[in-house]
Amino acid sequence: MDVIRVSCLLVVLHVYSLLGSKIVMTKSVLFICLGNICRSPMAEAVFAHLVHQKGLEGQWSWDSAALGSWHVGKGPERRTMKVLKDKKVEYSHRARQINSDDFSKFDYIFGMDDDNISELTRRAPKGSSAKILLLGSFDPEGDVQIRDPYYDDDDKGFYKCYDQCLRSCTAFIESVK
């Protein structure tokens, strides 16, 4: 059986080489925050926007999810959408909760703060292939924790979140090229 699989793989590789095509491996990212209505959808929207700007659509897949179930099925927080609209980033999303399959489906799972990382690490099934990382660890300005702006009285924290996500996602994409 293994000989047949290897033979099939060699045939596929030969056909690709004859056609002059490149085999492109798709990489995948999942952005996580507590409720999936503020930070993780902001990061997902920024990431998708950057991927489209750079013409990398066929090389990436992405999503976002929550640690908790409070907002499942709801759209992003209104201030998240206001900032994205102001920055001319189109986005549509319904909150969902992370599940055990996500730890094998995604190559990278990004938490927004240390508490997210602790909880993701605790929930990760044994043998999980996903790399659990702090999104802000890619921020060239060193702003590692992406604070939850949900309880703020205004939208300043949401603009800061956008800026952090933009810097971090840009640096991450560059680091895995």
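Glycine too: its Cβ is placed from the backbone N, Cα and C atoms.
In the domain 'Phosphotyrosine protein phosphatase I' (27-175), helix, strand and coil residues by DSSP number 65 helix, 23 strand, 61 coil. According to TrEMBL, the domain 'Phosphotyrosine protein phosphatase I' annotation covers 27-175.
Same-chain residues at least 6 positions away in sequence with a Cβ under 8 Å from that of Cys33 (active site, nucleophile) are, in sequence order, Arg39, Ser40, Ser64, Ala66, Leu67, Gly111, Met112, Asn116, Asp148. Taken from TrEMBL, the feature active site, nucleophile covers Cys33.
Sequence annotations record features per position, and here TrEMBL assigns active site to Arg39.
Packing around Asp148 (active site, proton donor) is summarised by its Cβ count: 18 other Cβ atoms lie within 10 angstroms of its Cβ, all protein chains included. TrEMBL lists Asp148 with the feature active site, proton donor.
Residue density at Arg39 (active site): 33 other Cβ atoms are found within 10 A of its Cβ, drawing on all protein chains shown.
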